[in-house]
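These features come from Swiss-Prot:
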TOPO_DOM  1-41  topological domain 'Cytoplasmic'
TRANSMEM  42-62  transmembrane segment
TOPO_DOM  63-73  topological domain 'Extracellular'
TRANSMEM  74-94  transmembrane segment
TOPO_DOM  95-133  topological domain 'Cytoplasmic'
TRANSMEM  134-154  transmembrane segment
TOPO_DOM  155-188  topological domain 'Extracellular'
CARBOHYD  ASN167  N-linked glycosylation site
TRANSMEM  189-209  transmembrane segment
TOPO_DOM  210-338  topological domain 'Cytoplasmic'
TRANSMEM  339-361  transmembrane segment
TOPO_DOM  362-382  topological domain 'Extracellular'
TRANSMEM  383-403  transmembrane segment
TOPO_DOM  404-454  topological domain 'Cytoplasmic'
TRANSMEM  455-475  transmembrane segment
Amino acid sequence: MQVQPTKYVGLVADLMPNIRLMQASGHFLFRYVTGPILIRKVYSWWTLAMVLIQFFAILGNLATNADDVNELTANTITTLFFTHSVTKFIYFAVNSENFYRTLAIWNQTNTHPLFAESDARYHSIALAKMRKLLVLVMATTVLSVVAWVTITFFGESVKTVLDKATNETYTVDIPRLPIKSWYPWNAMSGPAYIFSFIYQIYFLLFSMVQSNLADVMFCSWLLLACEQLQHLKGIMRSLMELSASLDTYRPNSSQLFRAISAGSKSELIINEEKDPDVKDFDLSGIYSSKADWGAQFRAPSTLQTFDENGRNGNPNGLTRKQEMMVRSAIKYWVERHKHVVRLVSAIGDTYGPALLLHMLTSTIKLTLLAYQATKIDGVNVYGLTVIGYLCYALAQVFLFCIFGNRLIEESSSVMEAAYSCHWYDGSEEAKTFVQIVCQQCQKAMTISGAKFFTVSLDLFASVLGAVVTYFMVLVQLK
């Protein structure tokens with residue numbers, strides 16, 4: 001048995017409620033725990049066994065009721081619905097190291113004294129959105145389970161059977177359970193029925209929670225990346241004003257070095273009459289390549305100066321410390337943007353295959369649901385069930401498409417923000433910096449499903465359009 005430390009930082013601390021729920025639902029998430037890991041492993045394997053047993057029972061029902069087309073279609077939809085949960089559960093277990101690696105990417109973020117308040121503000125915005133998303137998705141999941149169980153008690157509990165001798169269909173009674181399943185015991189009544197009913201409620205809740213929690217973690221990663229891009233765009237104008245103080249006269253230039261936005265009027269760097277000793281101003285905390293990127297060689301923390309003989313010659317009378325802080329601001333922006341790019345790349349590598357499996361399953365399921373929707377003849381149990389399946393399946397696709405689309409929008413607008421700021425008033429360093437930013441940010445950041453498609457609202461629109469088109473064709477052929 002092993003006990004992990006209880007102090008967490010960065011993205012792990014932000015997603016701790018999500019992580020705790022994933023551990024409670026049985027995910028193979030053995031880090032970030034405070035108790036014996038052996039118990040966690042036994043619990044996860046037990047949960048996997050319980051989920052697989054019920055899933056095989058659903059497959060057994062599909063195999064034993066393949067004669068009637070309507071029954072086969074309905075059972076196939078149910079099987080595909082829970083395939084999401086099983087695949088994501090197993091995928092997380094097999095690919096857990098990549099999840100750990102992605103969570104650890106944001107544990108070594110550095111900030112800059114001039115932009116600390118902006119960084120903290122956008123971090124708090126991202127954190128609030130993560131929590132709201134988690135609450136909303138979990139509430140929807142619980143309500144879906146309640147609705148699924150409730151609708152079980154309405155309508156007839158029968159299935160259609162084909163008589164091969166006469167080629168006619170007839171109905172037979174089946175256990176009134178939330179999910180049609182094949183069991184080796186008689187679940188029509190008695191203790192076997194009660195056990196089967198409770199077991200299926202457990203399966204419903206855990207399987208849907210497991211799948212949705214993994215999606216919420218993916219969307220939370222994208223939320224953080226989007227808010228960090230907002231942070232970088234927000235400080236672009238201030239960065240230009242700071243850089244302008246290096247070679248252009250600016251009245252009250254000392255105001256640039258006050259933390260007014262943080263509620264303090266104290267100077268971040270004191271204007272000293274004499275040329276200060278710069279040894280006590282260490283910039284190594286602002287994204288040192290060795291600590292943050294694992295590079296073999298560490299870049300020097302002392303930034304270059306263009307003053308002759310190392311003397312302060314700028315028109316605003318800035319001290320060496322202030323000059324170094326201004327130049328380090330550009331370094332901070334570039335390295336933070338690289339950090340976001342690295343995070344987005346890790347997100348795609350970690351969750352891309354799961355998105356591909358999700359879309360493949362959803363495409364087949366939505367096609368079958370469009371066929372089932374043509375048979376709705378009123379407000380009844382059948383109609384509500386089909387509409388419920390359809391809305392839930394589309395909501396799952398829309399969830400990660402909307403956040404993937406926002407990432408594209410935020411990353412593509414970085415170049416516009418760089419061009420729109422007063423770059424022409426900045427120093428030569430700043431002008432070169434803006435030019436490089438515009439070149440590097442021409443291509444938007446995207447999340448792909450294992451390189452097969454890009455996660456965006458265009459993907460959702462194409463899926464929805466295909467379903468509607470197929471539905472209209474079936475209606476005309478009916």
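Count begins at 1; order follows the chain as displayed.
Keep in mind that glycine also has a Cβ here, set from the backbone N, Cα and C atoms.
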Helix, strand and coil totals (DSSP H, G, I; E, B; other) for the topological domain 'Cytoplasmic' (95-133): 34 helix, 0 strand, 5 coil
Stretch contact, the transmembrane segment (383-403) with the transmembrane segment (42-62), Cβ-Cβ under 8 Å, 3+ pairs: no
Counts by DSSP class (helix H/G/I, strand E/B, coil) across the topological domain 'Cytoplasmic' (1-41): 19 helix, 0 strand, 22 coil
The transmembrane segment (74-94) in contact with the transmembrane segment (455-475), cutoff 8 A, at least 3 CB pairs, sep 6+: no
Stretch-level contact, the transmembrane segment (189-209) and the transmembrane segment (455-475), CB cutoff 8 A, at least 3 pairs: no
Intrachain neighbours beyond the topological domain 'Extracellular' (155-188), with Cβ under 8 angstroms and 6 or more residues off its ends: 54, 57-58, 60-61, 63-65, 67-68, 70-71, 74-75, 78, 148-149, 196-197, 200-201, 203-204, 380-382
